[in-house]
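Positions annotated as transmembrane segment by TrEMBL: 12-35, 47-69, 89-107, 119-141, 192-213, 225-244, 264-283. Per TrEMBL, the feature domain 'G-protein coupled receptors family 1 profile' maps to 28-281.
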Amino acid sequence: LTGIPGLQHLHHWISIPFCIMYLVALAGNSTFLCMIKADPSLHLPMFLFLSMLAVIDLVMSTSITPKMLGIFWFHSTAISLDACLTQMYFVHAFSVMESGVLVAMAFDRYVAICNPLRYSSILTSPIVAALGLATLLRAVVFMSPLTFQIRRLPLCSLAVMDHSYCEHMAMLKLACRDAAFSNTYSLSVSTYVVSFDSLLIALSYTLILRAVLSLSSPQACKKAFSTSSSHLCIMALFYIPGLLSMYMERYHQQLPHHVRGGDLLADLYLLIPPAFNPLIYGIRMKQIRDGVRRAISQRR
């Protein structure tokens, strides 16, 4: 792993914001999980989905950041094939899981705003657990075949990736045998996940917007917008950098070398959401702010 191609001379400077974002992600998501566990009033479907999101963000950022900082600080570029495949599996599987949880969160907001009287009967604990299990199984089913396919491909003797983590498209380029099937499979899965999940989220928030605009009470309208806007910010942080990195990979001819493959943007795409998600729903959601105040007052 070479790090960020074209920016090796800036690795030490780049590592500073990356390290800060990782520490913020660790502190923010861990605090959020502890707060939800300790406060019974937060044991609601919305916060259970946010807890899933926090766990996913912790695993996804931890799977790449320590090795990335090792490259930036100590030039520790070597990585074994098994470790590389494990890192690739965790990064992409948990990205698929995060997308599924965002869909579940959009469905949660749809039920809460459009069918508030049936919220507790629709989103019961078994249903929430089933949705979480479904996102996990989908990620395992999609990513396991790709990992096994890459594991069976013979790699060329000079296995060098111009990345700071093991990315599946970069690994396919190292194969000494035709990897057209694996390439097609990975592109198909990525297209399906992004398209299908984005469509469901867009449909949910279209129905939510229509319901919110029909509310006669300005206070109720403001509350609905406040809660939904927090989730929309989280989704924007996850999908927009990912889509931009995909387009940069496709239309790269006139871009600098470190931007052509979306290397820097791909790193930020995996680090920014875990760091900013707790801050966004911690600042914008009243229940979280009230929970923090209660925890502080109890300590005093």
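Just so you know, the numbers here start at 1 and follow the chain as drawn.
Just so it is clear, glycine is given a Cβ too, placed from its N, Cα and C backbone atoms.
Where the annotation comes from TrEMBL, it is an automatic prediction and has not been curated.
Touching of the transmembrane segment (119-141) and the transmembrane segment (12-35) is ruled out by the presence of fewer than three CB pairs under 8 A, sequence neighbours closer than 6 excluded. In the predicted structure, the domain 'G-protein coupled receptors family 1 profile' (28-281) carries a mean pLDDT of 84. Note on the transmembrane segment (47-69): residues 1, 3, 15, 18-19, 21-22, 25-26, 29-30, 32-33, 36, 76, 79, 87, 90-91, 94-95, 97-98, 101-102, 104-105, 108, 128, 131-132, 135, 164-165, 234, 267, 270-271, 273-275, 277-278, 281, 287 of its chain, located 6 or more positions outside it, place their CB under 8 angstroms from a CB of the stretch.
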